[in-house]
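Undergrad: Handing you a structure now.
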Amino acid sequence: MSIKLGVPSKGRLMEKTFDWFKARGVELSRTGSDREYAGAVEGIDGVDLVLLSAGEIPRELAAGRIHLGVTGTDLVREKLGRWEQQVEEIEPLGFGQADLIIAVPGCWVDVDTLDDLDAAAAAFRARHGFRLRIATKYHRLVREYLRDNGVADYQLVDSQGATEGTIKNLTAEGVADITSTGETLRANHLKILSDGPILRSQATLWRSRVADVSDMEKATLRELLNRLG
Amino acid sequence: MPQKAEIRARAAALRDGFEAAGAKPVETAILQPAEVLLDLYGEDIRARAYVTSDALRGEQMLRPDFTVPVVQMHMAHGAEPARYTYAGEVFRRQEDDPDRANEYMQVGYEVFDRENPAAADAEAFAVIQDALKGVNLRAATGDIGILTAAVRGLNTTERRKQALLRHVWRPRRFRALLDRFSGRSAVPASRAALLAHPNPMAHDFPDIGMRSQEEVAARIEALREDAEAAPISAREVGLIDTLLNVRETLPYALEHIRDLAVDMPAITEAMFRLQERIEALAARGVDVANLEFEASYGRTSMEYYDGFVFGFYVPGRPDLPPLASGGRYDALTRVLGQGSEIPAVGGVIRPGLLVELEAGA
């Protein structure tokens with residue numbers, strides 16, 4: 001059997017991951033047609049490439065179906081409870097940097113900190129009869145963060161895409177999302193709360209702590225990690 | 001792990017005991033409308049309850065506790081005074097700790113009686129303590145009502161008091177607010193800039209979202225008023241700190257709080273209520289001289305307890321949840337009753353834990 005390496009299956013994240021491995025003498029490539037998710041590994045024997053959506057990689061690592069995987073810190077922390085016990089961080093890859101932040105309309109000139117957000121939420125609930133809505137797909141991380149910081153009278157609403165548009169569409173009052181440059185937020189007339197990001201994320205190589213490894217696989221894994229380290 | 005049948009039998013026996021103590025056995029649905037629970041407990045409940053849904057009834061939660069459905073049932077067709085008991089599963093979603101049960105039995109005893117709150121408090125505590133006779137446990141008690149009375153009595157603006165009361169159950173934010181209102185922490189730079197700005201509403205951002213510019217202006221006005229209000233005095237903050245640190249056996253705690261009431265007359269009524277409760281507990285044969293009291297006990301629980309609070313713990317096992325816990329939840333009945341309040345106090349036992357302890361003993 002071989003070591004299974006999970007890598008994002010498309011886009012810049014895949015290309016940059018391929019570049020990162022290539023610079024360390026391990027050549028990854030997609031094989032077959034453009035639409036087929038099959039891949040090849042050259043430069044080391046006994047390693048299989050598994051192309052997956054970045055969002056599925058944490059779960060595959062935690063299930064032990066892949067030994068190594070490349071995905072963002074944000075996704076590992078959001079999707080895995082007690083992530084430290086399920087995966088080990090091997091190496092940040094230096095790209096895919098993004099911050100998970102909370103943003104509100106720029107026209108809320110009275111809100112700059114979590115303290116302001118909490119007070120605004122209390123007043124909003126009294127006025128409108130429901131809790132201030134924050135649109136996000138990072139439910140766990142955002143909820144934990146707001147709880148730790150004692151923010152009340154808010155609710156999370158699920159948004160799997162175009163999150164910045166929810167405010168204009170009146171389905172949320174604030175958003176919690178990943179941003180790298182803040183460009184999309186600005187274009188949607190939003191500003192980031194100044195308390196600092198909930199999480200700083202980047203593409204990272206992870207090792208599963210639960211995947212079975214035979215003696216042979218162990219040797220392959222050691223050699224691969226030596227090359228990458 | 002004890003067998004489920006064994007736990008069920010133990011739960012039934014406990015419920016029989018509560019029935020013998022005067023409670024009427026009741027059942028509630030396992031699926032509860034999510035909206036009511038979300039409205040009461042906020043977003044935190046989502047992290048702790050399983051949510052499911054169908055197209056007809058919308059979001060439903062697997063019963064995270066019995067309190068809400070029992071209160072609703074009582075309001076719909078209960079005559080007062082009333083005592084209820086129940087036994088059944090509750091469901092708590094666990095995202096971080098696989099060792100914590102996500103499904104377990106609870107047996108409860110609830111008292112709806114507005115005649116004599118001190119006696120009702122004592123009854124709830126004593127009936128539960130009685131049911132646990134023979135198990136070596138440490139009991140802890142507290143009273144959220146003393147802290148809220150102290151906050152209401154602060155010599156400051158109504159808005160500040162409301163802000164503090166809103167965060168009584170979030171000690172960190174409570175502390176941050178108290179530091180801000182007393183001038184112990186600096187005003188954040190962005191707020192200072194906002195307050196110094198002659199016309200902050202003149203900005204270039206388009207007006208988007210449901211929170212209107214009028215609401216923004218109203219909050220700025222409130223911030224201006226707050227900036228002009230005198231800070232809460234160091235003396236008053238000191239008294240609150242002293243109160244929060246009271247941690248003694250009941251008779252000494254009462255003495256300490258009576259001393260504090262000399263400087264904080266606002267807590268006098270709450271102090272008398274504590275005194276009456278101690279007398280009522282003693283009359284029920286509770287060993288009050290050795291019963292612990294912590295003024296900040298119960299502040300971090302999710303529940304809506306706003307008066308007497310108590311819990312029973314296994315000594316030397318901080319890893320275990322309390323074997324039993326309870327308290328007074330008048331505020332919850334006020335929210336559920338949309339204004340009409342039914343004073344209520346009660347508590348629950350975890351029979352699964354009890355069986356485990358009895359087997360290990």
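Any Cβ shown, glycine's included, is placed from N, Cα and C.
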Undergrad: Would you identify which residue of B:Arg92, B:Arg93, B:Arg284, B:Arg317 TrEMBL lists as part of the L-histidine site it also attributes to B:Asp65, B:Phe66, B:Thr67, B:Gln106, B:Glu110, B:Arg299, B:Tyr304, B:Tyr305?
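TA: Given B:Asp65, B:Phe66, B:Thr67, B:Gln106, B:Glu110, B:Arg299, B:Tyr304, B:Tyr305 bind L-histidine in TrEMBL, the matching entry from B:Arg92, B:Arg93, B:Arg284, B:Arg317 is B:Arg92.
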Undergrad: For B:Thr67 (L-histidine binding site), which of the three DSSP-derived states applies: helix, strand, or coil?
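TA: Assignment for B:Thr67 (L-histidine binding site) reads helix.
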Undergrad: Using a 10 Å cut-off, grab the number of neighbouring Cβ atoms around the Cβ of B:Asp65 (L-histidine binding site), all chains included.
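TA: Excluding its own Cβ, the number within 10 Å is 21.
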